[in-house]
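I have placed the structure first, in the form of structure tokens, so that the comments after it can refer back to it.
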Amino acid sequence: MTGAAAFDDAVVVWTVRVSLGLLTAGFVARRLRFDRLARGCWAAGAAAMWAHLAAAFSVAHDWSHADAVRETARQTQALTGIDWGGGVWINYLFAAVWTTDAAWWLLRPDRHAARPRWLDVTVGAFLGFIAVNGAIVFENGPTRWVGVACCAAIAAAGCVSPANAPSPPG
């Protein structure tokens, strides 16, 4: 592998790791009532996910959607026995939902905070489910372990009652 190819691969890997780290930080900071930090992490994480998708399309698929679908189908077949490339569309939906939620939170934090509980839970569960599959189920090596650590941090934060969370600074 040439230096340029190694750099390109590193960009693909590290943009998703940064995105996952920011997703985790956003979940945890929100649970601990650090709203400004949570909003910033959430928005930056969504942006990092788009950077990851762009890097992956450029580096791994030479900007070919058909190639991305074929490769996703191959990976899904190897893992589950099901030849299905629709995971690419789920990745698009993941990025779109996260970006929409982040934009809503940045632009209208009062309305975002007042949204129905079912919507909050649905968005969080969807993003969490896809993150677990992308970072743990379909990964290996260091990225899988980063994914496990992030999921553990989110689970631990979920055990903290917002009423018992530390008061935000200021």
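Cβ atoms are placed via backbone N, Cα and C, with glycine included.
A TrEMBL annotation is a machine prediction, not a hand-curated record.
Now, the feature entries from TrEMBL:
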TRANSMEM  12-29  transmembrane segment
TRANSMEM  89-107  transmembrane segment
TRANSMEM  119-138  transmembrane segment
TRANSMEM  144-165  transmembrane segment
Seminar exercise, completed: Per the Cβ filter (under 8 Å) with a sequence gap of at least 6 from its ends, the transmembrane segment (119-138) is approached by 16, 20, 23, 27, 75, 79, 90-91, 94, 97-98, 101, 144, 146-148, 150-151, 154
Seminar exercise, completed: Given the transmembrane segment (12-29), its same-chain partners at Cβ distance under 8 Å and 6+ residues beyond its ends are 35, 37-39, 41-42, 44-46, 48-49, 51-52, 55-56, 59-60, 98, 124, 127-128, 131, 134-135, 143, 146-147, 150, 153-154, 157
